[in-house]
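Just below is one structure, and these are the notes that go with it.
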Amino acid sequence: MATASVAFKSREDHRKKLELEEARKAGLAPAEVDEDGKEINPHIPEYMSKAPWYLKSEQPSLKHQKNWKIEPEPKKIWYDRGKKIYQAEQYRKGACINCGAMTHSSKACMDRPRKIGAKYTNMNIAADEKIESFELDYDGKRDRWNGYDTSTYRHVVDRYDAKEEARKKYLKEQQLKKLEEKNNNENGDDATSDGEEDLDDLRVDEAKVDESRQMDFAKVEKRVRTTGGGSTGTVRNLRIREDTAKYLLNLDVNSAHYDPKTRSMREDPLPDADPNEKFYLGDNQYRNSGQALEFKQINIHSCEAFDKGHDMHMQAAPSQAELLYKNFKVAKEKLKTQTKDTIMEKYGNAATEGEIPMELLLGQSERQIEYDRAGRIMKGQEVIIPKSKYEEDVHANNHTSVWGSWWKDHQWGYKCCQQTIRNSYCTGSAGIEAAEASIDLMKANIARKEASKESPKKVEEKKMATWGTDIPEDLELNEEALANALKKEDLSRREEKDERKRKYNVNYTNDVTSEEMEAYRMKRVHHEDPMRNFPG
């Protein structure tokens with residue numbers, strides 16, 4: 001079947017070959033064996049199992065189907081850390097100036113910087129490191145365990161063994177302690193009730209279960225109570241589903257909504273039921289209980305702190321945000337306590353049983369204070385002078401007085417130059433004179449403006465007796481000028497009718513005289529005049 005091409009076969013040989021193949025496929029005859037002694041699957045098609053003629057294979061085999069380009073599995077090779085290859089006795093040209101090794105430069109030297117390098121002392125020449133260069137295949141480059149020393153895992157095993165020993169020792173001490181307490185109780189009271197013994201057995205069972213859970217996935221044998229009457233078995237993390245699903249607590253369609261995708265029911269399905277008898281109050285009960293409320297407060301605090309300019313983000317750095325929130329709460333409580341103590345110290349506490357001091361009740365004390373003629377305290381309580389928030393006796397920018405020595409128009413300033421701008425340069429008496437001159441000029445401008453408002457000038461409007469106005473009665477016209485204006489109006493009307501004769505360059509003024517206006521009125525056609533067509 002898996003042989004190469006052979007010579008011509010007779011019909012009988014060909015029939016026997018087909019029968020043998022059918023028998024091998026049916027399992028009636030043993031499968032063909034290759035040169036390595038491995039069976040060849042009889043169901044492999046002939047075009048796959050038959051070797052090409054140029055291979056000249058005499059025995060059946062499937063080696064021609066194997067990929068001959070596949071390289072053997074690469075070895076787990078890695079760098080020999082700290083391996084040295086050659087130890088020189090004298091400094092060589094091109095070596096490291098600091099240690100004298102040829103395999104690296106002085107910038108990449110990992111030895112301690114020497115006060116005088118090996119290049120100049122020619123002593124204590126460091127050995128050359130073993131530099132390896134090998135190419136890894138695709139899987140070798142991505143093998144995270146390549147080069148891992150398995151002997152280092154022994155430290156992890158030792159650490160876990162130590163923890164296990166400490167845990168067993170602690171449990172043994174606790175057990176001995178309980179036995180001692182039990183012996184002491186037996187000496188005092190010999191009899192114990194059956195119910196207490198059952199409770200002790202349950203506690204022991206639960207302790208065993210808790211102990212087994214801490215072990216690495218050990219088998220847990222726990223008593224299982226079933227609905228059929230009680231049976232025991234070996235189980236692990238088994239939950240008895242005897243409780244009712246939350247979406248079956250209330251079958252009313254208009255009750256609390258259940259989202260099957262997220263398996264959440266925010267509202268209470270039984271709001272009218274007794275709270276003491278309910279074990280489920282809706283998913284909203286978890287939003288304001290446990291660590292959910294604290295998580296919400298941390299989110300609010302981080303957002304407010306970020307708005308105020310602090311580099312704080314709950315999602316980017318949750319541990320930092322939680323730590324800063326704890327520090328903030330501690331500082332807040334400390335400030336609140338300090339404020340409370342200050343108020344108590346100043347005003348007292350009316351809720352206490354102690355008597356209120358007489359100084360607070362009567363507003364006076366028995367302390368004797370002596371004053372001199374000027375009113376200064378000579379003996380007794382000294383007056384505490386309030387400390388200024390500004391630096392005292394510091395004259396900056398050529399000033400001869402401090403800031404706050406001048407007050408005018410509800411503004412502080414410098415007395416030497418009477419400037420109200422802080423950190424300004426001193427201008428001296430010239431600045432004072434310039435400020436007074438500007439103030440005088442401003443006052444003069446204000447007075448002039450007020451005077452102009454009180455007595456405004458009457459502007460006589462010049463009314464023209466021409467366009468759009470009635471002809472005044474006292475208007476006097478020159479008859480000669482009026483005749484010339486009439487002629488000029490007739491000429492302009494003729495030019496309007498024949499625009500070809502109009503000249504390009506026109507020399508005239510736009511000033512309209514009274515005579516020209518009168519001529520325009522006389523010549524124009526009054527469409528609204530009912531007597532315009534009446535023969536005169």
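Cβ coordinates come from backbone N, Cα and C, glycine included.
Range annotated as motif 'Nuclear localization signal' by Swiss-Prot, chosen from 70-77, 422-429, 486-493: 486-493. Swiss-Prot tags one of the stretches 1-42, 337-378, 379-420 as region 'Disordered', and that stretch is 1-42. Range 96-109 is the one annotated as zinc finger, of 96-109, 320-333 (source: Swiss-Prot).
The average pLDDT for the motif 'Nuclear localization signal' (486-493) in the predicted structure is 81.
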